[in-house]
There are 4 protein chains.
Amino acid sequence: MAEDLSQLKNWQKKIHEIIFGYETTGGKLFDVALLLVILASVLTVMLESVQEVNRSYRVQLKIIEWIFTFLFSVEYIARIACSPKPLRYVLSFMGIIDLLSLIPTYLGIFIDGTHALSVIRAIRLIRVFRILKLTHFMGGAEQLGNALWYSRHKIIVFLGSVLCIVVIIGTLMYIIEGGKNGFTSIPKSIYWSIVTITTVGYGDIAPQTLLGQSLASALMIIGYAILAVPTGIVTSEIMQSERRLNSVTCSNCGSNDLPKRSNYCLNCGENLLRNNSQN
Amino acid sequence: MAEDLSQLKNWQKKIHEIIFGYETTGGKLFDVALLLVILASVLTVMLESVQEVNRSYRVQLKIIEWIFTFLFSVEYIARIACSPKPLRYVLSFMGIIDLLSLIPTYLGIFIDGTHALSVIRAIRLIRVFRILKLTHFMGGAEQLGNALWYSRHKIIVFLGSVLCIVVIIGTLMYIIEGGKNGFTSIPKSIYWSIVTITTVGYGDIAPQTLLGQSLASALMIIGYAILAVPTGIVTSEIMQSERRLNSVTCSNCGSNDLPKRSNYCLNCGENLLRNNSQN
Amino acid sequence: MAEDLSQLKNWQKKIHEIIFGYETTGGKLFDVALLLVILASVLTVMLESVQEVNRSYRVQLKIIEWIFTFLFSVEYIARIACSPKPLRYVLSFMGIIDLLSLIPTYLGIFIDGTHALSVIRAIRLIRVFRILKLTHFMGGAEQLGNALWYSRHKIIVFLGSVLCIVVIIGTLMYIIEGGKNGFTSIPKSIYWSIVTITTVGYGDIAPQTLLGQSLASALMIIGYAILAVPTGIVTSEIMQSERRLNSVTCSNCGSNDLPKRSNYCLNCGENLLRNNSQN
Amino acid sequence: MAEDLSQLKNWQKKIHEIIFGYETTGGKLFDVALLLVILASVLTVMLESVQEVNRSYRVQLKIIEWIFTFLFSVEYIARIACSPKPLRYVLSFMGIIDLLSLIPTYLGIFIDGTHALSVIRAIRLIRVFRILKLTHFMGGAEQLGNALWYSRHKIIVFLGSVLCIVVIIGTLMYIIEGGKNGFTSIPKSIYWSIVTITTVGYGDIAPQTLLGQSLASALMIIGYAILAVPTGIVTSEIMQSERRLNSVTCSNCGSNDLPKRSNYCLNCGENLLRNNSQN
């Protein structure tokens, strides 16, 4: 939070400290309260969708939802008001989520049923990591994100292959089962292929002919073997990122993978302690 | 078992040796007998729940169950009586399990049906590791536990993301399928999301609309890719704990990951043999 | 693309540049256009199989499909015409796919229903990697391919074991369930075994007897443990290929696994920089 | 095959060479013929179980099965007759499988339906590895076997934990769902737990109450996380066995994990080349 707050007025600074900060008592209390309110509001929307509850407490739930939305709206305006660069907050990931979690309730006035979309405010719960000892979780999240990012090329190649397989096998099944037993169209057969290759297996569509069951068996064994590929990719990346965290790179010759506490570079003899202390 | 038994009376020492110990013949026999009784009592509770069996042998099963519960009660009192620090045993993990496996039968007198909970005594079977060559299994268990413990931050981040995904996609499906085809409420739709993303796929709830099936396909492919993440995390941790077991740390400069049989620290030249022999 | 184009006429060179090349603007535009046409033609075949759509737009879809097939035929002839070695293109992987994606439509005149097979042209979409930054994806694909290729012996051993298990357990289930509850023949019971061991679990066939459910439970736990094996194999290979990419081999003594930026071989002292610069 | 054949008569040696050997042309032809006969006989038993086939070709299939069984019986006797140590063959893994694949057909005369068990002869197909380039596959099989063997303690701890979880959650579900919705007894509820935690998910038994679905969701997420554990264990072991294969151990100081082509031990300076050439 290395933002320049000097251009803010005093009341803005105070609100900023409470809403955005999490070091002061006020900031911590605000965060805990916010989390409870978010949880309660998500639960309200969920309960509203349960018919038995909705029939008895329709009006009460509606009122509670509007109170929550009003609170979030005030919070959103306050966040804009006390930001040194309001636009930067509005366009940030959390800013967009904050806005998106407000819209559905207002939209619900005009279009029926859409207010349920306000469960998107569940994403706001990731603020919880600020209350918990932040850095550990951020480190974990960053490492996972990096592992997925570094392996993106392999994941795209993998997903492309899977898509080709499901399209072709889905079509074959459509021809083999002859449009019966649930395989009524190619898109539906492809849906069945995805359900099968991911080993979900609902069973609402299932081959009945001998040839269809043989092809399905082949697809399952392929899916079985293929399931190993993304796991291998991600595991490999996680372990490399782990190694990267536990090693240093020589600033002189560029050798990486040196043990973290090395005094001298194994390759060129550069004094690493001196360099590291400068960082 | 480095407990101080000197303050115990002679009869307490003898019972302690049999009940808690597993080096003497008496202790071993007691452990084997206990395991058989636990297995038999768990089987009794299971059989009681099978209607055909219960109709014919209701009274016999009830009597057998009460005999087992009486034996376990005696054992529990004996464990307390011969412990040098009774409270420490009562509050230990095994002590709590021992108590919890007694309560349901007694509770069954007052509240119907709860006595089935006494299958919790199955957990007592982990004493089996004491009879088998203990240390190997404890080492295995400890290593698995450590791997899960060290990766707790990443696992929490991962579970948090999964929860957000299932809440949002569950709500979307509720709106898309319009409360039909089993998606009768948001909680039920979230239940379906979890069933799908974990690739369980019961099929009691399954999307029927084209849009619903497309979203479900996306969720499955996400689940597929996401399944790789916890595997990667745990694999990485298991391999690191393996490495930690097979390496030594220099007591002088703190370099870790040194080969187990190193004579000198690769980094600072410290004589490791001398230090290790001191440990 | 180090092909010798000198023996081609000028018009052939020009077409070759557009159809096979992807460096010039014309070549790029052609590739993008081709991808869109392929996608559109696959979608057409899919839509044709949806009964509601087919009833209303049967003639239009047929016409569109024939236009696409005509375009692909022209493209196929053009590719042959402007290749320096036409036979090499025809027998290459992409050449065979290009031909296979044409045949089903023509075959559909004589044999009803087979034209749906033309979705095989979805495989042609892998040309998309040429438009995206090629080398990264090719590297990813090659690495995945290598990982699977190097572990082929282990994968065959693994699949052989799985096949033996499903054949034997399938037969046992056929005997246990006595030809009822869907286990009407051994092939069908084997199909159920595969559905179960791969954790797909449709539920269209499910054991009802106590013995059958016990055996099924055993099969599931086996499948659970066995699922770990291919993952382990592939992960291990991916990590080794990763290591191979990040290490150099000494040309003097054959030591491999040397850090990529090593100046001298750790084993024989060979100057690696000199050798690497010669490569 | 370092057996001492000197005590065999000439005709025994000749038969031994053909039946057990796979270096001579006769031995190879015998192996290929045997594999085809095994495959054919397994297929016969399968076909016999398909009602439509059995109705039309009952007698023919029975005759074919008896011919195959006669051939296998002759082969089994021949194997005993030409072994230098017949008892060792009879008690070896392959010897027991050879016998077990004969018994069911003979047993089928007395007990109806058991002859289907003769599909156990499918295991005999592992002789196929002798025809293919043997050593690679044996290496692969051995490595997989070792990986599973070395991690047995961890796998037992893991399976023990899973069993405790399914017993307890199965019982809880029996109480929660109140013996309805398929949860008619504790054993059946435990069966459901196993179906769920292994992500098979047939859907023949599925919770209907809100509390039951919540507990099921928890079980699925646990199963999801737990699935990572065996994968991690096996992957870790496969990678270690890979490393063991690619490293040498110093015969002087016992340092292992030395690069395969090392000339000198990194730790004690022992000349490894001299030692390795002696091995």
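Backbone N, Cα and C define each Cβ position, glycine as well.
What you are looking at is a predicted structure, and each value in this text was computed from that prediction instead of being measured.
So that you can see what the record holds, here are the features copied from TrEMBL:
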DOMAIN    C:28-244  domain 'Ion transport'
TRANSMEM  C:29-47  transmembrane segment
TRANSMEM  C:59-78  transmembrane segment
TRANSMEM  C:90-111  transmembrane segment
TRANSMEM  C:155-176  transmembrane segment
TRANSMEM  C:188-205  transmembrane segment
TRANSMEM  C:211-234  transmembrane segment
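Across the candidate stretches C:29-47, C:59-78, C:155-176, C:211-234, the maximum count of CB pairs under 8 A to the transmembrane segment (C:188-205) is reached by C:155-176. As a whole-number mean, the pLDDT of the domain 'Ion transport' (C:28-244) in this prediction is 83. Among residues of the same chain six or more beyond the transmembrane segment (C:155-176), those with a C-beta under 8 A of the stretch's C-beta atoms are 148, 183, 185-186, 188-194, 197, 207, 209, 211-212, 215-216, 219, 222, 226, 229-230, 233. Outside the transmembrane segment (C:29-47), and at least 6 residues removed from its termini, the chain residues within Cβ reach (under 8 Å) are 18-19, 22, 53-54, 57, 61, 64-65, 68-69, 71-72, 75, 115-116, 118-119, 121-122, 124-125, 127-128, 130-131.
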